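The next block holds one structure in the form of structure tokens; read it before the comments.
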Amino acid sequence: MNSENFSLSEKIVSTSYIRQGSQARRSHEQLIRLLLEQGKCPEEGWSESTVELFLSELAVMDSNNFLGNCGVGEREGRVASSLVARRHYRLIHGIGRSGDIAAVQPKAAGSSLLNKLTNSVVLDILKLSGVRSVASCFVVPLATGMSLTLCFLTLRHRRPKARYIIWPRIDQKSCFKAMITAGFEPVVVENVLEGDELRTDLEAVERKIEELGAENILCVHSTTSCFAPRVPDRLEELSILCAKQNIPHIVNNAYGVQSSKCMHLIQQGARVGRIDAFVQSLDKNFMVPVGGAIIAGFDESFVQEISQMYPGRASASPSLDVLITLLTLGASGYKKLLSERKEIYLLLAQELKSLASAHGERLLHTPHNPISLAMSLDGLQAESDGAVTQLGSMLFTRQVSGARVIPLGKEQTISGHTFRGFMSHSDAYPCPYLNAASAVGITREDVTLCMKRLEKCLKTLKKEKHVARSSSPVLPPCREDTTGE
């Protein structure tokens, strides 16, 4: 209620009570005022009542919620189900206009304000997470792969003759298909093995640039967050090379926001060389439903160019989800989650190392990967060719999700390109292994339960193989043939 309505209320209920209610209302409004004034994630998280009040205030600014609205167009924010309307807080118009996802909608002042505020709050979080010099970003209702495609399509207008994208190999289908979908030819650069780690082959990248010609290369497409034993690309060196050769550089930072190391690599790469845009997933970094990503960069005009490449309006759901989440957590709450993730990474490494040692395996040494870990499965492979794959199946049926079991020699063809040793980021990694990751939101209980179930699976497999060997029929020795036939 406004001040006039509060004054009128004093004629109905005791003035002291109404003033107390008015002061409570002002406390909510003060938080909203600071958000509108600063455009930053609040330091302390908001209560659900403050968030809902704010969203309700935004919703009444959209034309579909006007009391006297008379809609005669084809897109009037009509919703048949009240359940759907409540699910979206009656913010139905989406974001953007037909020509620009970042444009303001005349019919939807509230949704447009939501969009602008979300982008501003997310930009603040990217800076807080380590990329201090990022200039601009926007939330797009596409997952990481399609968001990368949008970046590549935008670069096409700047480099119309280019047809190749140089890509240090990372065995993840969506980032490979992102290049194919955009109409470009991926040039796969195999990684080099350094100890247990798979790292960027800088010399091979340079050779490919020289061989193809810089003007024919759309960009270098590098990766930060990845599954061990693959580690983040050498971003600083790649950025320097891109700046030297005048080649754009797009970074797949899928779940890297939660890692200070990944964000530091991006910051340093932009400082010493060239990074045009970096893309990160909303669900992996902020614990919201799948369906959105953040496209960010250091040149505001290029980020705006990417947003203008998106055709038509877009769903506001990803923007709404991440804004609600960040307002609820606050900057301090998000920083606490990042700190806890780091602590649990150390715990997971310790527990996995101990378990590996107990079963004659070892924790692979991958110090440059700050999120993912890998445990060798050499002994299991020696037991049986199918034992490694069977372990993955056993873990899944025992509700251990996210653990990846990588056997040797798997092949996969994607859009005509065959990857040998697929999922291991290498044609011939030396050993099969199991992956586990410490991602934002993981708990100590998750680690404890995973280790318990993993150990039980390993013991079961070894017991089964031992029983199978001991129960094999033993044929009697051959007797000398005395028939003379």
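Here the Cβ of each residue, glycine as well, is placed from N, Cα and C on the backbone.
As annotated by TrEMBL, pyridoxal 5'-phosphate binding site applies to ARG75. Counting every protein chain shown, 13 other Cβ atoms lie within 10 Å of the Cβ of ARG75 (pyridoxal 5'-phosphate binding site).
Residue environment of SER98 (substrate binding site) contains 10 other Cβ atoms, counted within 10 Å of its Cβ in all protein chains. Sequence annotations record features per position, and here TrEMBL assigns substrate binding site to ARG97, SER98, GLN105, ARG313.
The tRNA binding site feature in TrEMBL is assigned to ARG271, ARG398, LYS463.
A 10 Å cutoff on Cβ-Cβ distances gives LYS284 (N6-(pyridoxal phosphate)lysine) a total of 22 other Cβ atoms nearby, all chains included. Annotation source TrEMBL lists N6-(pyridoxal phosphate)lysine at LYS284.
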(request) May I ask for the distance between ARG313 (substrate binding site) and LYS463 (tRNA binding site), taken between their Cα atoms and rounded to an integer number of Å? (result) 58
(message) I want to check the contact list for ARG398 (tRNA binding site): same chain, sequence separation of six or more, C-beta distance under 8 angstroms. What comes out?
(response) ARG453, LYS456, CYS457
(request) Determine, for the substrate site, the additional residues of the same chain whose CB lies within 8 Å of the mean position of the CB atoms of ARG97, SER98, GLN105, ARG313; present them in sequence order. (result) GLY94, ILE95, GLY96, GLY99, ASP100, ALA103, GLY312
(message) What whole-number Å value do you get for the CA-CA distance of ARG75 (pyridoxal 5'-phosphate binding site) and ARG97 (substrate binding site)?
(response) 12
(message) Please report the distance from the Cα of LYS463 (tRNA binding site) to the Cα of LYS284 (N6-(pyridoxal phosphate)lysine), rounded to the nearest angstrom.
(response) 37
(request) Within 10 Å of each Cβ, count the other Cβ atoms, then let me know which of the binding-site residues ARG97, ARG271, ARG313, LYS463 comes out lowest. (result) LYS463
